[in-house]
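Colleague: So TrEMBL has the following annotated:
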TRANSMEM  22-47  transmembrane segment
TRANSMEM  54-76  transmembrane segment
TRANSMEM  96-117  transmembrane segment
TRANSMEM  137-157  transmembrane segment
TRANSMEM  169-188  transmembrane segment
TRANSMEM  215-238  transmembrane segment
TRANSMEM  258-281  transmembrane segment
Amino acid sequence: MGCKTVSHALAWKNAMPCVSDIQWWLTVATVSIDFVLIFSYSAIAAVSFKNRDIFHPFFSTLFSLFFLSYATSDVFEATALFMELLPNKDVTTYDVIFGISEFFYFYASPCAVCLLLERSVASRYPKDYETARPWKILWTSQLICLLVSSCVIYAGRWRIIMTDDVQKLILLALQIVIAMMLLFLLIYNRKRTRDSVGIGTKLGTRYQLSENIRVLKLLIPVIFLDVSITTADIISQIMHTTTLLNGVINCSTSSTAILVVVFKIISFLSQLLIPVTVIFFHPSFKRVVEFFTFNRVSPSVKRREQVIKNVLGMKINEGQSTDHYFSSLQKTWG
């Protein structure tokens with residue numbers, strides 16, 4: 001999905017004619033944010049792929065490609081932004097660099113659809129999916145993603161199918177559909193997990209249902225933040241159009257001009273929150289966070305009895321001895 005619906009350079013350059021005097025600072029600030037995102041997204045992609053056995057390798061691979069596409073897009077976008085600071089930029093080179101940024105950006109959208117389809121199959125066939133490895137299907141889907149990205153850019157450049165505004169609205173609608181479907185899958189897997197207790201469900205099926213819930217808890221915040229980014233950018237664009245139509249000269253006295261800045265800030269903050277949510281929910285990052293957090297806790301707190309929770313968030317060993325705890329597990333899953 002989209003961590004930006006329009007180029008930062010174009011958004012800030014065209015947003016308000018009354019801020020031309022601080023354009024340089026805005027561009028520098030945006031480049032700085034891009035560098036933070038490049039580092040964060042690259043780290044997420046690398047760690048997720050390196051530890052791809054934590055989840056099903058198909059999900060880990062798609063998740064890594066999803067964030068790698070954003071990191072690559074931001075690299076070329078930051079380069080284009082830097083060219084904005086130059087007194088005499090080469091327009092042709094700028095267009096090529098910005099076009100590459102758009103290509104990787106639009107690639108992420110069908111890649112997110114692949115993530116949804118991957119978890120849908122895992123939810124529908126938990127018994128067989130754990131050992132399934134149809135790599136040809138995965139790589140074929142990536143070729144389709146590249147083709148879709150190329151078609152979207154071609155259609156946008158030649159105005160064959162849609163304008164930029166229509167593209168953004170379609171993107172927002174797609175994001176909302178994916179977010180709702182992921183929520184449905186989370187509810188579905190939680191229900192199946194509850195229903196599988198005490199009926200002799202096979203270990204592989206229980207494991208896959210548990211993985212589905214953990215994966216969906218990781219994906220859903222990312223997609224919803226994407227929705228907030230796209231929404232903020234669309235509203236910002238509407239305010240920008242209103243500002244231009246009203247011929248605003250003094251930004252400090254224009255409510256619409258101020259709203260442009262407010263919603264762009266919301267968009268930037270949402271982008272920065274995406275890596276934070278991944279760090280919080282992805283096991284690879286979560287273990288590191290818990291390690292440093294645990295080492296900072298006072299010894300008296302460390303000695304407290306640890307409470308074990310299942311994937312549904314239910315406490316399963318509170319107030320129990322070790323023998324009683326394992327006998328309860330045997331009774332539940334026997």
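Glycine too: its Cβ is placed from the backbone N, Cα and C atoms.
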Colleague: With pairs restricted to those 6 or more apart in sequence, evaluate whether the transmembrane segment (22-47) and the transmembrane segment (169-188) have 3+ C-beta pairs under 8 Å.
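Modeller: Checked: the transmembrane segment (22-47) vs the transmembrane segment (169-188), no contact.
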Colleague: Please report, as numbers and ranges, the same-chain residues at least 6 past the borders of the transmembrane segment (137-157) whose CB is under 8 Å from any CB of it.
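Modeller: Counting only partners 6 or more residues beyond its ends, the transmembrane segment (137-157) has Cβ contacts under 8 Å with 58, 61-62, 65, 99, 102-104, 106-107, 109-111, 114, 117, 164, 167.
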Colleague: Count the CB pairs under 8 A between the transmembrane segment (215-238) and each of 54-76, 96-117, 169-188, 258-281, then give me the winner.
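Modeller: Looking only at 54-76, 96-117, 169-188, 258-281, the most contacts with the transmembrane segment (215-238) come from 258-281.
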Colleague: Mark yes when the transmembrane segment (54-76) and the transmembrane segment (96-117) have three or more Cβ pairs under 8 Å (sequence separation 6 or more) and no when they do not.
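Modeller: Stretch pair touches.
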